[in-house]
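Novice: Below is one structure. I have some questions about it.
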Amino acid sequence: MGSLETEKTVTGYAARDSSGHLSPYTYNLRKKGPEDVIVKVIYCGICHSDLVQMRNEMGMSHYPMVPGHEVVGIVTEIGSEVKKFKVGEHVGVGCIVGSCRSCGNCNQSMEQYCSKRIWTYNDVNHDGTPTQGGFASSMVVDQMFVVRIPENLPLEQAAPLLCAGVTVFSPMKHFAMTEPGKKCGILGLGGVGHMGVKIAKAFGLHVTVISSSDKKKEEAMEVLGADAYLVSKDTEKMMEAAESLDYIMDTIPVAHPLEPYLALLKTNGKLVMLGVVPEPLHFVTPLLILGRRSIAGSFIGSMEETQETLDFCAEKKVSSMIEVVGLDYINTAMERLEKNDVRYRFVVDVAGSKLDN
């Protein structure tokens, strides 16, 4: 996409090495193409995978790196061929900003599974420039990978839906886990897990939160609306709950045993893995074959599903529980996130941090 546009200089917060420490970084946006929009960032959520990328835990990180893939902002400029958006509209950008558009996955509106997908940051654009994320004052994004924020959805509330929200919404729709009255377990109560509780309840499911301790029980039941709470270390209660759940959404992003949770599934039950776990996970096959249970995986969602997630949450008045912080607090927020010291998602007030002043 050639363009006569000049490059725009912006400021963001970048990691320079695997220490993951973020500090101010000035760089040029790629030139705006005919199908691009320029988005002034207002809010950006913090995801656990940001920590993974910043610290090179997957061995694929490149620096300087500006993280952030739960981006909410306002369109300030549009390319000559942009039909989807107008200047002044509130929009969102999630985990990917490009794909090949010609493979089987792309042709079926499953861009997130395209082998040539382009990550929102720590990747390379089609023109060879590095992608940088939402911890910055502005971004240039292809209109195909931008979604519209519903007018009745608060902007700061929309940010976590662009990753955490669609991560649970997509498998629930794909695997038909939306029948009212069915019993759904949510394993792990962090940023993704708390959205799982809220979205599952909005679909009319009976929701059981499964956690390693009872620290979050009162909040899960009284604030998030869960119907039941199960402590995974309570062997007696886990045995009593055997074969009681139709589905489990496993949101835990670190290595953990699967056997205790597979035992909770009914015959034909399904455990869907949502967390990025770099270490091997182990289980014994009789837990699967003697109950025709299955383990599946799901990765974020398509652009269509992302828009559907936003519209669904706006209609059902599903809100995320967030703590809004400034960019000057970003490193402390990352440290707290690593310790699970957040209820339940940090959202950075990027515009309020006045990066370009």
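Placement of Cβ uses the backbone N, Cα and C atoms for every residue, glycine included.
Per Swiss-Prot, Zn(2+) 1 binding site is recorded for Cys47, His69, Glu70, Cys163. As annotated by Swiss-Prot, NADP(+) binding site applies to Ser49, Thr167, 188-193, 211-216, Thr251, Gly275, 298-300, with the evidence given as similarity to another entry. Annotated Zn(2+) 2 binding site per Swiss-Prot: Cys100, Cys103, Cys106, Cys114, in sequence order, evidence recorded as similarity to another entry.
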Novice: What Cα-Cα separation, expressed in whole Å, is found between Ser212 (NADP(+) binding site) and Cys114 (Zn(2+) 2 binding site)?
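Specialist: Rounded to the nearest whole number, the Cα-Cα distance is 35 Å.
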Novice: What subset of the binding-site residues Cys47, Glu70, Cys100, Cys103, Cys106, Cys114 lies within 10 angstroms of Ile300 (NADP(+) binding site) at the C-alpha level?
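Specialist: Final answer: none.
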Novice: Between the Cα atoms of Cys163 (Zn(2+) 1 binding site) and Cys106 (Zn(2+) 2 binding site), find the distance and write it as a whole number of Å.
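Specialist: Between the Cα atoms of Cys163 (Zn(2+) 1 binding site) and Cys106 (Zn(2+) 2 binding site), the distance comes to 19 Å.
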Novice: Round to a whole number and give the Cα-to-Cα distance in Å for the pair Cys103 (Zn(2+) 2 binding site) and His69 (Zn(2+) 1 binding site).
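Specialist: His69 (Zn(2+) 1 binding site) has its Cα 24 Å from the Cα of Cys103 (Zn(2+) 2 binding site).
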Novice: How many neighbouring Cβ atoms, not counting its own, are there within 10 Å of the Cβ of Ile300 (NADP(+) binding site)?
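Specialist: So the number of other Cβ atoms within 10 Å of Ile300 (NADP(+) binding site) is 22.
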Novice: Around the recorded Zn(2+) 1 site, report the further residues of that chain (criterion: Cβ within 8 Å of the mean position of the Cβ atoms of Cys47, His69, Glu70, Cys163; site residues excluded), sequence-ordered.
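Specialist: Counting only non-site residues, the set is Cys44, Gly45, Ile46, Ser49, Asp50, Gly68, Val71, Gly94, Cys95, Ala159, Pro160, Leu162, Ala164.
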Novice: Under a three-state reading of DSSP, tell me whether Glu70 (Zn(2+) 1 binding site) is helix, strand or coil.
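Specialist: DSSP assigns Glu70 (Zn(2+) 1 binding site) to strand.
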Novice: If you draw a 10 Å sphere on the Cβ of Val192 (NADP(+) binding site), how many other Cβ atoms land inside?
Specialist: 26
Novice: Of these binding-site residues, His69, Lys215, which scores lowest on Cβ atoms within 10 Å?
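Specialist: Each of the binding-site residues His69, Lys215 was scored; lowest Cβ tally within 10 Å is Lys215.
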Novice: Spatially speaking, which of the binding-site residues Ser49, His69, Val192, Lys215, Gly275 is closest to Cys100 (Zn(2+) 2 binding site)? Use C-alpha to C-alpha, please.
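Specialist: Nearest by Cα distance to Cys100 (Zn(2+) 2 binding site): His69.
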Novice: Roughly how many Å lie between the Cα atoms of Cys106 (Zn(2+) 2 binding site) and His69 (Zn(2+) 1 binding site), rounded to a whole value?
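Specialist: Cα-Cα distance, Cys106 (Zn(2+) 2 binding site) to His69 (Zn(2+) 1 binding site): 20 Å.
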